[in-house]
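Working notes, beginning with the structure itself.
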Amino acid sequence: MNIFRITADLAHAVAIVILLLKIWKSRSCEGISGRSQILFAVTFFTRYLDLFTSFYSLYNTVMKVLFLAGSIGTVYLMWVKFKATYDRNNDTFRIEFLVIPSIILALIINHEFMFMEVMWTFSIYLEAVAIMPQLFMLSRTGNAETITAHYLFALGSYRFLYIFNWVYRYYTESFFDPIAVVAGIVQTVLYADFFYLYITRVIQSNRQFEMSA
C-alpha cells in the first residue's frame, strides 16, 4: 500500500471533518468561502462519475464517498442551513474565470477525448484553482479564525503530500501523469504564502492567522 497516498487522503479527510465541525459547532460559516466549496463539490462530482460503474477497491470507494459527501454536506450547511451567517460581501471572486478555462483546457489537453476522461481532467484542473476564492476572501478580510487556518493547512497538506505519492509511483511503478502532476504543483504553489504565515504565526507564535498586507 502506498503510504504517501494514504497519508494525503487522511489529511484531506481531516480537513473535511475540521470544516464540518467548525461550521456545525459554531453554527456559522463565517470566514469560509462558499464559492470555493461549490468548486470543490463540482470537482468531486465530476471526478467520481464512475462511482456506480467501476470498482477498484474498498478503500478507493470509501474515499470517493467521503470526499463527495463531505463536499455536498458543506455546501448544504453554507448555502441552506446557516446561509444567514455566510459572508457574501467578502466572497466575491468570479468563479467563472476558473470554471471556463478549466473546461477549455480539459477539452484540449486530456488523455483521451471521451466524456468520462474529459470530466476527470476537468476536475483535476478545477481542483488546482478551487482554493483561490478562499484565499481571495482571506486577503479581503485580513484574518481568519485559528480553526479555519487549521482546515486550510490540512487541505494544502493533502495536495503537497500527493507530490510524494507521484514520486513514489514513478520510481516503483514507472507511472507518471503529467496532467495531475502539473495541476498538483500549481495547487501547492497557491498555498505557499499561506503555509508560511500559518507556520510562523499560528504554530510558532500561537496567534490568530492574519494575512500580510
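Cβ atoms are placed via backbone N, Cα and C, with glycine included.
Sequence annotations record features per position, and here Swiss-Prot assigns topological domain 'Cytoplasmic' to 22-35 (among others). Residues 74-75, 77-79, 82, 85-88, 91, 93, 95, 133-134, 136-137, 141, 144-145, 147-148, 151 of the same chain lie 6+ residues outside the topological domain 'Cytoplasmic' (22-35) yet bring a C-beta within less than 8 angstroms of a C-beta in it.
Taken from Swiss-Prot, the feature topological domain 'Lumenal' applies to 54-61 (among others), supported by sequence analysis.
Under the heading topological domain 'Cytoplasmic', Swiss-Prot lists 81-96 (among others). With a cut-off of 8 Å between Cβ atoms, the residues of this chain six or more beyond the topological domain 'Cytoplasmic' (81-96) that come close are 23, 27-35, 38-39, 132-133, 136-137, 140-141.
Note on the topological domain 'Lumenal' (111-117): its mean pLDDT in the predicted model is 96. Annotated topological domain 'Lumenal' per Swiss-Prot: 111-117 (among others), in sequence order.
The topological domain 'Cytoplasmic' annotation in Swiss-Prot covers 138-149 (among others).
Positions annotated as topological domain 'Lumenal' by Swiss-Prot, on the basis of sequence analysis: 169-178 (among others). Sequence-distant contacts of the topological domain 'Lumenal' (169-178), counting only residues of its own chain at least 6 positions beyond either end whose CB sits under 8 Å from a CB of the stretch, comprise 2.
Feature annotation from Swiss-Prot assigns topological domain 'Cytoplasmic' to 200-213 (among others); the stated evidence is sequence analysis.
Annotated transmembrane segment per Swiss-Prot: 3-21 (among others), in sequence order. Here the transmembrane segment (3-21) has long-range neighbours at 32, 63, 66-67, 70-71, 73-74, 77, 147, 150-152, 154-155, 157-159, 161-162, 164-165, 168, meaning same-chain residues at least 6 beyond its ends whose C-beta is under 8 angstroms from one of its own.
Here the transmembrane segment (36-53) has Cβ contacts under 8 Å with residues 61, 64-65, 67-68, 71-72, 74-75, 78, 95, 98-99, 116, 119-120, 122-124, 126-127, 129-134, 137 of the same chain, all six or more residues outside its ends. Taken from Swiss-Prot, the feature transmembrane segment covers 36-53 (among others), and the record attributes it to sequence analysis.
If you look up Swiss-Prot, you'll see 62-80 (among others) marked as transmembrane segment.
The transmembrane segment annotation in Swiss-Prot covers 97-110 (among others).
Here Swiss-Prot flags 118-137 (among others) as transmembrane segment, drawing on sequence analysis. Sequence-distant contacts of the transmembrane segment (118-137) (same chain, at least 6 residues past either end, Cβ-Cβ under 8 Å): 31-33, 35-36, 39-40, 42-44, 46-47, 49, 87, 90-93, 95, 98-99, 101-103, 105-107, 109-111, 152, 155-156, 179-180, 183-184, 186-187, 190-191, 194.
The annotation transmembrane segment is assigned in Swiss-Prot to 150-168 (among others) on the grounds of sequence analysis. Nonlocal intrachain contacts for the transmembrane segment (150-168), taken as residues 6+ away from its ends with a CB within less than 8 angstroms of a stretch CB, comprise 2, 4-5, 7-9, 11-12, 14-15, 18-19, 22, 131, 134, 144, 176-177, 180-181, 184-185, 187-188, 191, 194-195, 198, 202.
Positions annotated as transmembrane segment by Swiss-Prot: 179-199 (among others).
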With helix taken as DSSP H, G or I, strand as E or B and everything else coil, how many residues of the topological domain 'Cytoplasmic' (81-96) land in each class?
5 helix, 0 strand, 11 coil
